[in-house]
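Enquirer: One structure follows; several queries about it will come next.
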Amino acid sequence: MSAFADTLNAYAARARDGGTRVQAMPADLAALEAESLHIMREVAANFANPVMLYSIGKDSAVMLHLALKAFYPSPLPFPLLHVDTTWKFTDMIKWRDGLADAFGFDLRVHVNPDGLARGINPFASGSALHTQVMKTEALRQALDANRFDAAFGGARRDEEKSRAKERIFSFRDRHHGWDPRNQRPELWSLYNTRIHKGESIRVFPLSNWTELDIWRYLLVEDIPVVPLYLAAPRPVVERDGTLLMVDDNRFPLHDGETPQTRKVRFRTLGCYPLTGAIESEADTIEAVALEMLAARTSERSGRLIDKDEQGSMEKKKREGYF
Amino acid sequence: MAGQARAEAIDRLSHAGEGGVLRFVTCGSVDDGKSTLIGRLLHDSQLLFEDQITTLAAESKRHGKAGGGIDYALLLDGLEAEREQGITIDVAYRYFATAKRKFIVADTPGHEQYTRNMATGASTAAAAILLVDARKGIREQTRRHAFIVHMMGVRHIILAVNKMDSVEWAQGRFDALHAEFMAAIASLDFDSVTAIPISAREGDNVIAASPAMPWYNGPALLAHLETLPATVRDVDGPFRFPVQWVNRPDQDFRGFSGTVVSGSVRVGDSVTVAGSGASAVLARIVTADGDREAARAGEAVTLVLDRETDIARGDVISGARDRPEVTDQFAAKLLWMGEDALMPGRSYLLKSGTATVPASVSALKHRIDINTYQPVPATKLELNEIGLANLSLSYPIATDAYDAVRETGSFILIDRFTNQTVGAGMIEFGLRRAQNIHRQAFDVTKTDRARIKAQKPTLLWFTGLSGAGKSTVANLVEQQLARAGHHTYTLDGDNVRHGLNRDLGFTEADRVENIRRVGEVAKLFVDAGLIVTTAFISPFRSERQAVRDLLEQGEFLEVFVDAPIEVCMERDPKGLYEKAKAGEIKNFTGFDSPYEAPDNPDIHLETADLSPEDAAARVIEALRKLGRLG
Ligand SMILES: Nc1nc2c(ncn2[C@@H]2O[C@H](COP(=O)(O)OP(=O)(O)O)[C@@H](O)[C@H]2O)c(=O)[nH]1
């Protein structure tokens with residue numbers, strides 16, 4: 001029996017039976033949900049071979065939940081793809097596999113074999129190279145190998161400045177490149193889904209959601225998330241003001257560093273050596289959401305990759321990062 | 001208990017309350033202070049985090065235009081290129097919330113491409129803020145912006161007179177600008193026009209009433225935005241449900257997934273499928289949260305009907321009484337967004353609701369000058385121009401006037417080869433009621449005519465450079481067919497230009513029209529049961545595709561007569577390349593006008609290494625293989 005099986009099986013059963021929502025949906029969330037469902041159905045109806053990028057985090061949880069609703073009572077009409085770097089939190093991987101088991105999803109996992117062979121890792125190679133090889137390049141490999149013509153991503157426009165201008169249906173050329181100056185105008189809810197062979201579209205059904213919306217929706221819909229989002233005693237070390245979790249024994253401790261147990265949680269989930277924890281007492285989703293409301297630090301600052309340089313996200317996106 | 005805590009948490013988090021989401025667009029000329037205003041709204045509604053404020057302060061020093069102070073505009077300029085040039089180049093979306101409701105701002109730039117970008121932002125907006133600089137006053141641009149947002153159906157506008165601090169907060173100045181603005185837009189009907197004096201930089205009348213302007217009694221900008229009606233979808237309108245996706249998990253369930261775009265529907269209602277006219281009763285409204293009794297505008301659901309009905313994506317389910325108009329011709333306002341001009345007669349893909357259909361502009365009635373709001377004659381539409389046009393579709397779809405239902409009254413045009421979105425349209429009215437006018441049906445059909453001739457009517461479309469050998473090969477093919485007892489006809493480029501197309505020249509527009517007419521004539525001959533050969537350079541893929549679309553599956557065979565340009569120039573049977581080189585002929589294909597080679601011709605003849613006889617034999621062979629010769 002896989003880890004988290006009880007939680008995930010109960011969730012799967014609820015999704016199959018056509019919901020047992022207890023909370024009324026606020027008007028603004030209902031509107032966002034309907035828009036996302038519309039977007040997902042457009043993809044299913046227009047593309048030959050779509051895929052959903054599933055990155056295990058809370059945004060992916062919401063995106064996946066919306067997809068289950070969009071096609072109900074049909075099963076998901078596309079597979080899920082996880083681009084693994086081999087440096088994700090152990091619990092994330094357990095969660096991913098437990099979820100796929102509970103629902104019977106067609107889950108594809110891809111790791112960049114060249115990167116593995118070269119021994120790329122976030123500690124020795126640095127975050128920029130690690131991200132480039134194990135995420136950006138790995139994603140391209142997986143999309144090419146499977147000839148996916150549309151890929152759902154869970155990015156939101158409120159996350160980061162360069163995202164604010166990205167279309168919901170965002171065109172990628174044969175090399176997965178994004179040209180911010182040459183985007184297709186997007187009017188009404190009419191999405192242009194036409195592409196040539198080898199080209200693709202990245203689709204962002206959560207474009208108009210804010211971080212707060214994500215938390216509220218998780219609550220209203222009672223969607224389970226990886227427990228790493230909730231505060232618990234965890235072994236951490238502090239480096240340059242960032243709390244890093246010692247998730248496994250690959251973590252190279254510096255001289256004089258000893259992991260301490262502190263009550264922490266994560267605002268975003270990625271590769272554990274690149275994801276800062278925050279001290280918190282919030283051990284339920286509602287408590288996290290309320291803490292978030294009072295928060296004074298924006299989400300991406302917990303992600304070390306963005307600090308490398310101003311405008312770094314735009315650079316990565318042009319190269320094909322999600 | 002846990003449920004209680006959760007309910008309370010949701011309640012506290014849902015401070016957007018029942019006000020829903022108001023989407024609005026902001027318009028202004030460069031430097032009127034638009035970015036400053038939006039940055040201010042984000043800042044003052046406390047949506048900024050500490051690290052963003054730190055970054056903002058640092059960037060204000062480096063790139064800021066606010067003289068060392070905090071430059072709120074920097075919050076918005078998302079892309080590196082823009083940051084460097086200090087301009088905004090595209091549409092960006094921003095999010096903020098107050099205790100009353102949530103807001104989505106479409107931030108559109110004030111220069112060059114503004115028409116296209118502003119229209120994009122306005123297409124989903126319920127309200128628009130038109131910003132003017134109190135010192136500069138109402139300008140041509142302001143009139144244009146008002147026109148564009150009005151055209152896109154925005155019914156509430158706000159004139160924000162900015163930089164009141166720089167005119168000593170003078171009431172006289174504000175009143176004068178307000179009056180001038182009202183006069184300028186007198187011919188446009190809005191549901192509400194509200195003028196507000198503000199200072200985006202200082203914050204006056206943005207969030208709270210301004211102590212500096214006690215003479216102003218109206219609401220602050222944000223307070224006003226909180227009171228405007230939020231939705232552009234009409235719950236009381238006629239019921240419209242464009243089918244997006246047929247939901248069929250197994251033999252026992254067949255539902256139609258989509259979003260109600262107008263009106264509402266209840267289980268038990270009689271509904272009709274526009275197009276086929278089939279009717280049924282609504283049996284279930286299925287959602288992942290259980291079945292519903294009713295669904296209304298804005299909701300994404302799955303409908304199940306009480307009987308087996310032929311429905312596919314692109315169909316529109318409506319109420320039995322108030323139906324959309326099913327038509328293949330309508331008049332529409334058209335905004336051109338492509339780098340290449342709109343060419344009447346050229347085939348584009350039109351997407352409206354969930355239907356996608358080949359379409360062309362059959363007549364461009366006029367262009368609209370957005371400075372004077374007056375019609376002016378036009379033969380084409382360039383990037384960012386607006387016109388009134390008649391469109392003709394390959395087959396009928398369900399439509400409404402844009403004023404009545406936005407979703408079934410709007411469309412985009414897509415270039416068939418670049419796949420770019422090149423046009424946006426708003427339907428005014430159908431041009432003929434397809435319900436009432438039927439094509440004349442004759443008793444002798446194409447099939448009968450073809451049967452007598454023991455052949456399948458076919459159009460052999462020869463395309464290629466001048467001198468490639470089109471006419472020579474086409475001529476041989478026809479000879480051999482005739483000898484074998486087939487009924488044929490040839491349309492030759494030069495011959496047609498002596499008669500039918502005598503009035504056309506060689507501009508791109510005339511070449512498009514030339515091919516359109518030839519296509520229509522060829523279609524008549526095919527209808528007569530003949531095997532038709534045509535020999536036209538036909539350099540543009542769109543036109544060849546358009547002719548293919550006119551015919552039935554299998555009737556159109558594209559024959560690419562392919563010879564390198566050097567070989568053609570060498571042959572130069574009519575001495576035309578010589579003339580083109582001497583500058584005596586302009587727009588000569590392959591020389592100073594492009595030839596778009598077929599990607600996937602049905603028959604490919606490389607005449608550099610193929611004798612005309614062998615080439616003709618290949619064509620005959622292909623016809624036989626495809627079963628066109630009986
Ligand atoms: N005096 C004054 N200057 C302003 C005000 N709002 C904006 N500005 C200045 O006007 C200039 C252009 O502002 P910006 O927001 O970049 O304009 P945009 O091009 O419309 O986005 C900047 O130097 C701003 O600091 C205002 O209310 N008063």
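Residue numbering: from 1, along the chain as shown.
Cβ coordinates are placed from backbone N, Cα and C, and glycine is handled just like the others.
When I checked TrEMBL for this same protein, it listed these features:
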type: DOMAIN; residues: B:19-233; note: domain 'Tr-type G'
type: BINDING; residues: B:28-35, B:107-111, B:162-165; note: GTP binding site
type: BINDING; residues: B:GLY464, B:LEU465, B:SER466, B:GLY467, B:ALA468, B:GLY469, B:LYS470, B:SER471; note: ATP binding site
type: ACT_SITE; residues: B:SER538; note: active site, phosphoserine intermediate
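How buried are these features, and what lies next to them?
Expert: Around B:LEU465 (ATP binding site), taking its Cβ as the centre, 25 other Cβ atoms fall within 10 Å, counting all chains.
The 10 Å shell around the Cβ of B:SER538 (active site, phosphoserine intermediate) contains 27 further Cβ atoms across the protein chains shown.
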Enquirer: Work out how many Å separate B:GLY28 (GTP binding site) and B:GLY469 (ATP binding site) at their Cα atoms, rounded off.
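Expert: With the alpha carbons as reference points, the distance is 57 Å.
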Enquirer: What are the sequence-distant neighbours of B:ALA468 (ATP binding site), meaning same chain, six or more residues apart, C-beta distance under 8 angstroms?
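Expert: Those within reach of B:ALA468 (ATP binding site), by Cβ under 8 Å and sequence separation of 6 or more, are B:VAL561, B:ASP562, B:ALA563, B:CYS568, B:THR607.
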Enquirer: Have a look at the recorded positions B:THR108, B:MET164, B:SER538 and say which one has the shortest Cα distance to B:LYS470 (ATP binding site).
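Expert: Checked the recorded positions B:THR108, B:MET164, B:SER538; minimum Cα distance to B:LYS470 (ATP binding site) goes to B:SER538.
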Enquirer: Inside 8 A of the center formed by the CB atoms of B:GLY464, B:LEU465, B:SER466, B:GLY467, B:ALA468, B:GLY469, B:LYS470, B:SER471, which other residues of the chain have their CB, for the recorded ATP site?
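Expert: Everything else in range on the chain: B:ALA535, B:ILE537, B:VAL561, B:ALA563, B:CYS568, B:THR607.
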Enquirer: Compute the average pLDDT of the predicted model within the domain 'Tr-type G' (B:19-233).
Expert: 84
Enquirer: Using C-alpha atoms, which one of the recorded positions B:ASP31, B:LYS34, B:THR108, B:SER538 comes nearest to B:GLY467 (ATP binding site)?
Expert: B:SER538
Enquirer: Tally every other Cβ atom lying within 10 Å of the Cβ atom of B:LYS470 (ATP binding site).
Expert: 28
Enquirer: Can you count the other CB atoms that lie within 10 A of the CB of B:THR108 (GTP binding site)?
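Expert: Counting Cβ neighbours of B:THR108 (GTP binding site) within 10 Å gives 28.
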Enquirer: Return one of helix, strand or coil for B:LYS470 (ATP binding site), based on DSSP.
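Expert: In three-state terms, B:LYS470 (ATP binding site) counts as helix.
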